[in-house]
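Features reported for this protein in Swiss-Prot:
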type	residues	note
ACT_SITE	115	active site
REGION	9-69	region 'Peptidoglycan binding'
REGION	106-210	region 'Peptidoglycan hydrolase activity'
SITE	147	site 'Important for the enzymatic reaction'
SITE	178	site 'Important for the enzymatic reaction'
SITE	197	site 'Important for the enzymatic reaction'
């Protein structure tokens, strides 16, 4: 973990503040700013634990914080699937993840089926996408930074934990919740599984624009970058461009094929 000092800002400071709060040292709502209150609570924690009370969060302070931290929903309470590449074996995992996150297990099963056919060890040949939910390295790093401590995952510098189906499913659920929160106010309704898959596939920003563009507009005109990367989605076999509605119907059919 990074050495932190008063005046620092960023995700690591948020993690520090979260840990301090969980250990009983009240810094208020984590804001990512290492200010006076955070400094004072760090010093207090260090004094209480016989550490150098200089307010600098180095290796020893991080280690002591982590040793005292007990996550509310540790990922190890989620069962491992009894087999790989199996929807039936994945179902108890997703049911437990639903209980932990509030995201419907049916939705999680649909996405894992589309992305990896329930192969939690799979890695894409053309990108860094890995595991049940095919997380890219950068996205995974962000998810672990934002949600890892909630489930007892403190760090994963190599991204190896993407192949742990329990953690992949938990992070997949948290990403789905993020996308729900982005799409809901724009759509003024609950997003469907197809809406959410669009956000997963194209990114939430592009999905938001896609879902608010006229149905008869040519999709490639509005999304040239996505069309270039995914020509079979945006163009018919004869080369003619598809409309927004036609692309949506295609994606909806893909999602429907994995609903059970």
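Glycine is no exception: its Cβ is also placed from the backbone N, Cα and C atoms.
Note that the coordinates shown come from a computational prediction; the quantities given were computed from them, not determined experimentally.
The separation of residue 178 (site 'Important for the enzymatic reaction') from residue 197 (site 'Important for the enzymatic reaction'), Cα to Cα, is 12 Å. Working note on the recorded positions 115, 178: by count of other C-beta atoms within 10 Å of each C-beta, 115 ranks first. Summary: among the recorded sites (147, 197), the fewest other C-beta atoms within 10 A of the C-beta are counted at 147. Put simply, residue 115 (active site) is 21 Å from residue 147 (site 'Important for the enzymatic reaction') when counted between their Cα atoms. Reduced to three states, the DSSP call for residue 115 (active site) is helix.
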